[in-house]
Structures are given as structure tokens and as C-alpha cells.
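Visitor: TrEMBL lists 8-396 with the feature domain 'Catalase core'. Summarising the annotation, TrEMBL assigns active site to HIS58, ASN131. Per TrEMBL, the feature heme binding site maps to TYR341.
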Amino acid sequence: MSADKYYTLAEGCPFASSSTAVLMRNRQGGGLGLLQDTQLIETLAHFSRERIPERVVHAKAIGAYGEFEAEADCSDITSASFLNKAGKKTPVLLRVSTVGPESGSADTSRDVHGWAMKMYTDEGNLDWVFNNTPVFFIRDPIKFPSMNRSHKRHPRSHLPDANMFWDFHVGNPEGIHQLLVLFSDRGTPKSVRYLNSYSGHTYKFTKEDGSFKYIKIHMKTRQGVKNFTREEATKIAGEDPDYMIRDMFEAIERQDYPSWDVFVQVMDPSEAENYRWNIFDMTKVWPHTDFPLRKIGKMTLTRNPNNYFADIEQAAFSPSTMVPGFSASADPVLQARLFAYPDAARYRIGVNYQQLPTNAAKVQVYCPFERDGKMRSDGNYGGDPNYVNSSLQPTKFYPEVKGVSPKSLALHTEHEKWVGEVTSYTSHITDDDFVQPAALWDVIGRDPGHQERVVENLAGSIREVKSPNLRNEVYALFGRVNQDLGARVRKATEAAIKK
Ligand code: NDP
């Protein structure tokens, strides 16, 4: 604290002490409070309002700042400015979280880990809102709330509930690929430093000539993938529920900076037409042999937050936060997230959440057609026109200032032609949905003892299911991936129940 700093109330009025109350006191030592005690009343009232709503999902997290460094000039595939020169550096904020459990929960519990990364580029912010798994549980966006509720607490018992978890997944079996990842060793990563992250969705790299490529993004840890076993993760959850936060915070404090290599898989739109897999179905990967990884950069974390609430809790991420050269694909779940994520931020933080320092772009922001609202903290554009097409004070646009084509802006969608029909659509499971999970089961088989651990991890959860019929349906679901897997899960689960 500097020598001339002194204690005040929030309005700046100085007070002599931070620990007194104005009371009408009696001889026995009691005291009645007075409404005129602004200091006491404001202190209590502010405390009652210290929380903003906890995220419904992704509540427990750690975050840090760092930088992305472009590996090469990528202007052959994107006009994105942060990728147009080898060695170009862009500041980054990363927030990694579990999904289902609350903010106070154990961060080593088996769960998908969310990866929310904000790049403060020289053409505005770009958010990559990924997971540590390359696929997802659903591909129909309306199932998003149902899936998440089934992974959280039961509405009656308020307990995590294996019955509703497995009931959801038997009824919505397209998640089988993701379930296999979740119950593999990668479901319990040994801290944030040792996990990979994946875009999951297909995105697009666009160019100023209006052309585009489909891409999937992979971020691979340079520390190597390391995981806990189920037993280790459970033990640490009891002993140190904040293990993963501590691990990364302390590594950055001792300047042992974690880093990730960043790759893209690149697909021409003509290849997507007849590809073996629907590239807008996020339960599927693009096999590496079909689309090899191309390195585009490296991301390194170098600084812990100064204040967790200001820097991380108030941070808001959304796949709709995009820069020229980067664009959304027609993946229906991604399309829904483009709406749902900023909507959650408006509810959780407020309509002017982009003005908070941790969310604010590091480039000039001039957005005079979004005005007013709660907690406006800039000048609100003074007397500038708050309506479009003013002749009194015309607005300039990026293409005319920079002398480029309007197509250089990613959010312009002239590069795609659409012919389709409006239809009520729900996806249906087919045998094809079990091909990639079966390939993963083989990948897991390359690692000695890993298949056995997957079987035991599954048995440890399925044993909690009360209904024998539901248990049989779960065994059948895994049996469709691989008959031996289904039989082993049945045997291990029934043995665990008898114990
Ligand atoms: P490859 O043999 O080229 O790749 C297999 C990949 O599996 C590895 O590169 C590794 O991804 C990943 N992997 C290893 N263990 C696990 C695990 N326990 N959980 C999740 N992923 C794991 O084969 P293909 O590309 O043909 O894919 C075969 C299967 O591998 C897929 O069906 C999919 O389940 C899985 N996979 C594929 C990815 C892809 O983008 N093609 C990405 C991740 C998994 P990494 O190198 O990223 O660590």
C-alpha cells in the first residue's frame, strides 16, 4: 500500500476506521444500529451482492494470461491477421474448467474439461471455446440443456445420479464416442498442463477473395498428455479438491510456463461434399490419415491473474466472437452456441460485459449502435449518432478505411451459396455411429492395460444404476462398439455390484 493511500467508502468519502459501527449503546454493553451508519449498511449490502450467478456449466476453473505465436504465414488459407506472419504474437487469456460440478467441487473428478481461450488480436477478439475431447455427447442443439442436467444433480435428491446419467445416454446413444473418451484415462487429466484441446466443431478459414476452407483445430500439450488413474483422481479429489488450480498456478509462479502446439486440419469444401463423414456432426473426427495436422502456431501461458474474480470469473467467452478470416460452419450445435454463449454472458454479467477489462478488445472499439444498458462504463459515445446512415456525422467502415473488399470480413457470408428446405430435424443413430468409437477402442488397445482401466472406470459408474434393465441397455450400447467391450463391462459391473 502506498504511503498516501487511505481508506474510503465506495463514493470516496474518507473514514477513520474500517471496523467500527455507529450504535446507540446502553449501560449493559448492548447497542442498537442506526440507519445513518452508511459505512455498516454499505459494507453488509455489498457483501450480500458479491456473487454473480455461477455458470450453469463450466463453473470450476483456473485461468491465466499468455501469448499465441504464429508459426508461419498462413495467408494461403486465411486472411486472419494474427496468422499472416511467422513469429507474430497475440496476447491470450485461457480459462480451463470442468463442466458439470459447481465452483467448489473437486477439479480431478471425471469430466470433460472446457477450454475457453480469448485472443486479443489486432483485428478484434477471437474466442476459441473448445474441449479437451475431439467429439461431443450430442449433435442436436436442443438436447444441450438435457444432456447437461443429466450430468449434474438429481432434481429430488440433489445428488449426482448415475441412473439419470446412463438413462440419458441410452436414450441418446449418439454420445457413445464421447463416452468412451470420458471413461478412458483422458477423463481424469493430470492437471491442465497435460491435456490437449480440440475445436470439436468444424470452423472455416476465409480469404478476401471470398474462398474458404473447412478446418478443425487441435492444440497439443508440449508437456505431454498425462492422466490420473481413477483411484488417484478420487484420492486427490478428497485430499485437495483444488489440485488442478494449484498445479498450474504454482507452475506459472515458478516460471515453468506451460505451452501448446496449435495445428489445423484443412479440408476443401469440394472434399466435404462426398466425404465419408458428415463434417457438421460433432460426434465425429476427421481421421489423421485423411487430413493430416498442419502446424500454425504455439500458445504459452506466462502470467497468473492479478485477481481471480476480475480476470477469470468475469471473463466471458463465445464462439460468436470471431475476427475477419475466421468463421462458423453449419454445424447445428455450433450455430446454437453462437446465440447461447453471449446470451449467458448478458444474463450472468450484464449487457455491457464486453467493456470489462478482461473482455475488452485491445484495438479501438467504435460500436455506437449499441448504447446505454446497465453498468455502462465508457463515455457511451457522447453525442454521436445512435442511429444508422446519419448524413450529419457519417460512419466509416473497415473496408473503406483499409481499402479492402467487404468480403475480407469473416461475418459476411457471400462465400457460401445455400439451397435447402426448412424441415424439423432430429438425428438418428445408425451403425455408422459406432465405427469411430470402435477405432478409438483399438487406439486404447495400443496402450497396455488401458482397455482394462476403461472397463473398470465404466463398471465403477454403471454399478450405481439401480434398474437391471437400464444396466443391460448400457452393456448393449458398449457391445455395439465392440462385443468384447460390452461383455467385459457387464462382467466387471456385475462383479462390482456383488462386492
Ligand atoms: P490415429 O491413430 O491417427 O489417432 C489416434 C488418436 O487418438 C491419437 O492421435 C490421439 O490423439 C488419440 N487418443 C489416444 N488415446 C486417446 C484417448 N484415450 N481418448 C481420446 N483420444 C485418444 O487415428 P485416427 O485419426 O484414424 O482416429 C482414430 C480414433 O482416434 C478416432 O476414432 C478418435 O476416436 C480418436 N481420435 C482421433 C482424433 C482425430 O482428430 N483424428 C483426435 C483424437 C482422438 P492426439 O494425438 O490428439 O492426442
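Cβ atoms are placed via backbone N, Cα and C, with glycine included.
Please treat TrEMBL annotations as automatic predictions, because they have not gone through curation.
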Visitor: How big is the Cα-to-Cα gap, in Å, between ASN131 (active site) and HIS58 (active site)?
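Guide: It is 11 Å, counting Cα to Cα.
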Visitor: May I ask you to report the DSSP-based helix, strand or coil state of ASN131 (active site)?
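Guide: Reduced to three states, the DSSP call for ASN131 (active site) is strand.
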Visitor: Quick one: Cα separation, TYR341 (heme binding site) versus HIS58 (active site), in Å?
Guide: 12
Visitor: Same chain only, sequence gap of 6 or more: which residues have a CB within under 8 Å of the CB of HIS58 (active site)?
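Guide: Counting only residues 6 or more apart in sequence, the Cβ neighbours of HIS58 (active site) under 8 Å are SER97, THR98, VAL99, GLY114, ALA116.
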Visitor: Between 0 and 100, where does the mean pLDDT of the domain 'Catalase core' (8-396) sit?
Guide: 97
Visitor: For the recorded positions listed here (ASN131, TYR341), tell me which residue's CB has the most neighbouring CB atoms inside 10 Å.
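Guide: When each Cβ's neighbours within 10 Å are tallied, ASN131 tops the list.
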Visitor: For HIS58 (active site), what is the secondary structure state per DSSP, taken as helix, strand or coil?
Guide: coil
